[in-house]
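Read through the structure below, which is laid out as structure tokens, and then see the notes.
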Amino acid sequence: MSIAMRLKVMSFLQYFIWGSWLVTLGSYMINTLHFTGANVGMVYSSKGIAAIIMPGIMGIIADKWLRAERAYMLCHLVCAGVLFYAASVTDPDMMFWVMLVNAMAFMPTIALSNSVSYSCLAQAGLDPVTAFPPIRVFGTVGFIVAMWAVSLLHLELSSLQLYIASGASLLLSAYALTLPKIPVAEKKATTSLASKLGLDAFVLFKNPRMAIFFLFAMMLGAVLQITNVFGNPFLHDFARNPEFADSFVVKYPSILLSVSQMAEVGFILTIPFFLKRFGIKTVMLMSMVAWTLRFGFFAYGDPSTTGFILLLLSMIVYGCAFDFFNISGSVFVEQEVDSSIRASAQGLFMTMVNGVGAWVGSILSGMAVDYFSVDGVKDWQTIWLVFAGYALFLAVIFFFGFKYNHDPEKIKHRAVTH
């Protein structure tokens, strides 16, 4: 098997694990374990906490003491055990701590999988710029396949989804032992601990434009987590209406939600055109408007013919909402930051989005869901309209508050990756 194919298998399993539970665990906790919205939000906030502290720490370990593929193997071995135990947990506080341990082991594997891929491709004499994107696409495929499997097997409200994720983690841990050895980087005496942790990038907050950018990254990061947490429970709640109880939306909500991931792949291909033609500010603004539409379509969507079209449109615009912000934001950081702290700045960007933003978004969205619930019945239309209003508010403030002059030549030859 070629190294490219071996890495595709790794990428497939990496995101298959996540897809097994990320969008359905909320439904399991709400409908089966009867957790509150705040409980569910707290459990999902573990992802944000782990994203803040773990990638930098694990990066130091992989750089200094442990080969990357071995660190990757150990992380997934921990995930396998923790996810197996999580399937038996029924207390919300315990679920938070268990999923926090899982997140602290899993979140570093995203960066480690990229590092392993780049190193293996370099060892094989392949150009990562052209060879890596097809490998990463297999990750999206793995995520979608897992969602479909859990949905078709009717496991969305069952703890078995966690057993599936545990088994896949164990398989990937064993598979990692077969990967080529990744040499430990030689120590550089001039590299400080703060630099390794990405803390030197905090100097960017002295620049007003960069400070505003990172602030918006955090606030929009809060939006990214909302549909992962509550999109699936929202669709399951249509079962309360006898008219929709046997509908496709209620029976297979994850299959419908997987259209969002499919849309991601399509919108990725359009990013170079939009960046060059309209500039980063406009592309990021389009993302915020797309988030407004995402939530707005959810507010008025249902399993009826017209309502289903709105739900489908919500899934499609998700691709724009997610990709246009994450990737254009990364390109902006690449352009604006000095090369000496560029890697740290990219890490700070991801920490603000997937760490602080995701943590805040998980907790506040859970509180909002509870606030607009009466006797366990959620007013989903109001909930989604509140989230849509928040995204629209961000778009308006961003339009007037973020200054950026578009120069097509700056991004003419810049590669865009996801």
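The backbone N, Cα and C atoms fix where each Cβ goes, and this holds for glycine too.
Noted in Swiss-Prot for the protein shown:
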- 1-9: topological domain 'Cytoplasmic' (TOPO_DOM)
- 10-30: transmembrane segment (TRANSMEM)
- 31-41: topological domain 'Periplasmic' (TOPO_DOM)
- 42-62: transmembrane segment (TRANSMEM)
- 63-70: topological domain 'Cytoplasmic' (TOPO_DOM)
- 71-91: transmembrane segment (TRANSMEM)
- 92-112: transmembrane segment (TRANSMEM)
- 113-136: topological domain 'Cytoplasmic' (TOPO_DOM)
- 137-157: transmembrane segment (TRANSMEM)
- 160-180: transmembrane segment (TRANSMEM)
- 181-209: topological domain 'Cytoplasmic' (TOPO_DOM)
- 210-230: transmembrane segment (TRANSMEM)
- 231-254: topological domain 'Periplasmic' (TOPO_DOM)
- 255-275: transmembrane segment (TRANSMEM)
- 278-298: transmembrane segment (TRANSMEM)
- 299-306: topological domain 'Periplasmic' (TOPO_DOM)
- 307-327: transmembrane segment (TRANSMEM)
- 328-348: topological domain 'Cytoplasmic' (TOPO_DOM)
- 349-369: transmembrane segment (TRANSMEM)
- 370-381: topological domain 'Periplasmic' (TOPO_DOM)
- 382-402: transmembrane segment (TRANSMEM)
- 403-418: topological domain 'Cytoplasmic' (TOPO_DOM)
Going by DSSP, how much of the topological domain 'Cytoplasmic' (113-136) is helix, how much is strand and how much is coil, in residues? 20 helix, 0 strand, 4 coil
Of the listed stretches (10-30, 92-112, 210-230, 255-275, 349-369), which one yields the highest count of Cβ-Cβ distances below 8 Å with the transmembrane segment (137-157)? 10-30
DSSP says what for the topological domain 'Periplasmic' (370-381): how many helix, strand, coil residues? 4 helix, 4 strand, 4 coil
List, by number or range, the same-chain residues at least 6 past the transmembrane segment (278-298) whose CB is under 8 A from its CB atoms? 216, 220, 223, 226-227, 231, 234, 271, 310-311, 313-314, 317-318, 320-325, 328-329, 331-332, 335, 380, 384-385, 387-388, 391-392, 394-395, 398-399, 402, 404, 406-408, 411
Would you mind listing the long-range same-chain contacts of the topological domain 'Periplasmic' (31-41), meaning Cβ under 8 Å and 6+ residues beyond its ends? 90, 92, 95-96, 157-159, 229-230, 233, 236, 362-370, 373, 378
Counting by DSSP secondary structure, give me helix, strand and coil numbers for the topological domain 'Periplasmic' (31-41). 7 helix, 0 strand, 4 coil
Residues outside the transmembrane segment (307-327) whose C-beta sits under 8 Å from one of its C-beta atoms, at least 6 past its ends, are 220, 224, 227, 235, 249, 256-257, 259-260, 262-268, 271, 274, 283-284, 286-288, 290-291, 293-295, 297-298, 300-301, 353, 416-418
Contact set, same chain, for the transmembrane segment (71-91): CB under 8 Å, 6 or more residues outside the stretch: 17, 21, 33, 58, 61-62, 98-99, 101-102, 105-106, 108-109, 112-113, 116, 159-160, 162-163, 165-167, 169-170, 172-173, 176-177, 179
With Cβ-Cβ distances below 8 Å as the criterion, list the same-chain residues six or more beyond the ends of the topological domain 'Periplasmic' (231-254) that contact it, or say none. 23-24, 26-27, 30-31, 40, 147-148, 150-152, 154, 156-157, 298, 302-304, 308, 311, 377-378, 380, 384
Overall pLDDT of the topological domain 'Cytoplasmic' (63-70), taken as the mean: 76
